[in-house]
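A.B. asks: Copied straight from TrEMBL:
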- 435: active site (ACT_SITE)
- 437: active site (ACT_SITE)
- 577: active site (ACT_SITE)
- 579: active site (ACT_SITE)
- 314-445: domain 'ZU5' (DOMAIN)
- 446-587: domain 'ZU5' (DOMAIN)
- 779-864: domain 'Death' (DOMAIN)
C-alpha cells in the first residue's frame, strides 16, 4: 500500500529536451500500469517510452490512452506488441468544445493484428467514430468487458456471439437498428447496455442470456419486447425507459430476482395486473387509464397529448412521434410537440448548461435570467412549431424592460418572439421554434419595430410615446426593418456624476436597422425636452445633442451639425443613419465625457462579496458575490450553517463580468479544479443567478496543530474590456484590479492518536461489515484489498458511489500528497455512510462498472460468492440445511 501511488500512475512529466523535443523527466514507467490519458501528449510519451524502455513497456498489463491525441493513429500500430496487455482504454471525450460537449476521438478502426492480444480482457473504445465494430475484436479470446458507447455503430457483426467470455457489453449512444441472433450465445454476459440507440426489434434469442443481471434498453424505438425475456431468471434490473411500448408481457412479473422495472415514458395504455402489482415498477409518463392516475393528467387530456417527464439522470433524451407529446424537463422546462411536428420518430436530447461569457454574449443593458438549455438535434426542421416554456428568475421589471428567449444558431444570437405566462405557479417565457439549438432567457430594453417601405411610416416608442421617428415618402427603395429602444435616465445618476450641477437629460434613444445603406431622404426624430425644460424657459445655448456609437463607448456633440426645431415640449431634428441619440441641457463644456460616465453607470450593479466558513467544518468555505439589496436575505438563510466576517464594502460590477477569488497568506485550494485559472477561482457575475462556489481550503505547510489566519481576495477579470475609470480609481492596494479582501481562519488542529499504526492510520473508522451473512459480507480487509486496485480512478468511483463533489474535494485536500489515503478516505467514508443499507454491496459493484473498473466489480462479486458458500457450509455443519435449502437455492 505504501507504494500504490507509484504503481498506479506516472511519476514523470514531459519537459523540454535540449533538442527541442519533449523529454521525459524521471521514471515514467512503474509497475504494470500506464495511465497516459490524462496527458495531452500521452501518445508521445508512450512512443518515447516504448523506444527507450521497450523491455519494460511490452510487459505492461494496463494501458490508458486518449483517442483525442493527434498521435493515436501512429500509436495503434505499436499496441499489438504488448502481448501481456489485459486492459486497454482508448477513449475520446477528454477534450470539450466551447459549449461543454465532449469531443469524440479520431478512431474509426483498429489494426487487424489487434487480435493478437490474447490476454486482453477489458477494452474501452467509447467516445470515438466507429461506424462498424472492428473485426479484430472478434478474435480476442479472453475479452470479458467491451465498451463502445458514444460511437456511430449501425450494426453488430452476425458472429458477435463468438465472444463467449464476454460479461459486460455497453453500446450506449450509437445508431443500432437491430441485433444479431448470435447475441443469445453470450452465455456469460451479466450486463448489457444498449440504451439510446434506434432499436425497433429484439431477437427472441436475447432470452438465452441466462446469466444476465442488468439489461438496459432505454431510449430506443421498441414497440414491444419478446416473451423470451421471461427466461432471464438471473435478471435484477430491466430498463425500458423512453421507448414506444404499447404492451409488456405479464410473464415479466415471474422473474424471481427482478428488483427494478423501469417502464417510464412509453405508450402503455394498459398494463397487466401482475406488472402493476410489482412494488419496484415505474410507470410514470404513460397514457394509462384509471389504472395509473396522474396528478398532471388534466392539462395533458386537454390537448390530448401524451405527457413525458424527464429527469437529470444518465439518459437525458426522449422520443417524439408523429402523434406529438408534452414533455416536462428538469427545472420545470416544458415542451409541447403538436401532432405532425415530427413526421418520423425523432430522439430529442437535452442539457442544462452554465452560461459561459466566452460564448454567451450579452448586449448592453441585458440581464441574464436563466441557465442555457441545449436541445438536439440541431438544424432539424419540424413540420409544425414546437412550443417552449422556460422558467426564469423574475427581475425587478420596469416598464422599459421586456423578457425574451434568445437562441444561438452556432454563429450568433437572435431574439425570439416571446410571451410571459404563469404556468404551474411559475413565471415562464413562452416561444415557438421550428429548429432546436441553444436557448436562454434575458431581460432587454423594450424593442419597438416596424417595416419601412417607399411610402414611409411612423414609429412610436411604447416606453415613452413622446419619442417618435417619422419616415417620409421616398425614404427607401427596398423595404427595411427598423428597431427602436428607449432607456430612461434617473436624475439621481446624473446628479451624482455631475455633483448636482443642474444637468438634465432626455431619455436615451437607440435606433438600428437591418440595412447597411443610409436612407435616401432625412428621417425626422422627435425627443422630449429634458425634465424641467420647456419652450418658454429654454436657453438654446445650453442644449446639446449627442451621438453615440452602438456600444456607447464614444459620444460626440453634433449640435452644430443638425438643425434643431423646438416646440413647447419637444425637439425635432433630421438624420440619415441610426445609432444612439441623447439630448442634454447643461452649462458643462465637456459634456461628451460626462455622458460616457453616466452611460457606464447605468450598466453597473452594486454588489458585496461574502466569504463564510461552515460551522461544523471550517475548511469548507462558501464564496459568493451578491447584489447589494439581496445581502441581508442571503445571510439570513446561511447563518444557521455558516459563520464569518461581515460582507465586503460595496463594489460595482457589470452583468457578465469575470472576476476571481485568490486565497492568500498560508491558505490554498486545489489547483486541479476546472474553474481554477492561474491559482484563482474564476467567477462570472450575473445579477439574477447565484454567483456562488463552495471550496475546501487547506494549509500547504504542516501547521503542527496551530491555527492559520489567511485571507481571500477578489479581483476583476478581463471581461468586459472597458471598465469605468471611476470604478478602478477607488481600488486600494498595489493591484488596480483589486476588489475586496476578507479574512479566513483555519482553527487549531486537534491532536490525533498514534495508537493505530498501519494502512488505516489517520482514518478513525470502526470495523465495518457491509452486507449480511446470507448474501455475503464485505469486511474491512476486503475493502483494503479493493483499495489496492483503485488507483487514479478513485474520484470517478467516489462520484458514482454517490459522494458529493465537495466530499471528494475534501478527501483530496486532506490527503493531497498521499494517493493511498485518498483512496482509503473515499472508500471508508462511503462505507461508513452506507453500512446499514442492504443494497450497499450491489451499489459498489454498479459504481465500479460505471467507472470502467469491471475488474474490481468482478473481484467484489467473487468475494460475495465466496461468502455465500461459507455461509451455506456453516449452516450445514450445524444441521440447518433442510430448513434453509429453499432460501439458499434462491441466493445461489
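For all residues, glycine too, the Cβ spot is worked out from N, Cα and C.
Since we're looking at a predicted model, the values are computed, not measured.
Mind running through what each feature is packed against?
C.D. replies: For residue 437 (active site), applying a Cβ distance below 8 Å and a minimum sequence separation of six or more within one chain yields 374, 375, 378, 407, 408, 409, 410.
Counting every protein chain shown, 12 other Cβ atoms lie within 10 Å of the Cβ of residue 577 (active site).
Non-local contacts of residue 579 (active site) by the CB criterion (under 8 A, 6+ apart in sequence, same chain) comprise 510, 511, 512, 547, 548, 549, 550.
Look at the domain 'Death' (779-864): DSSP puts its residues at 67 helix, 1 strand, 18 coil.
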A.B. asks: For a quick check of packing: other C-beta atoms within 10 Å of the C-beta of residue 435 (active site), how many?
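C.D. replies: The answer is 14 other Cβ atoms.
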A.B. asks: Which value does the mean pLDDT take for the domain 'Death' (779-864) in this predicted structure?
C.D. replies: 78
A.B. asks: Give me the Cα-Cα distance between residue 435 (active site) and residue 577 (active site), rounded to a whole Å.
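C.D. replies: Distance (Cα to Cα, whole Å): 34 Å.
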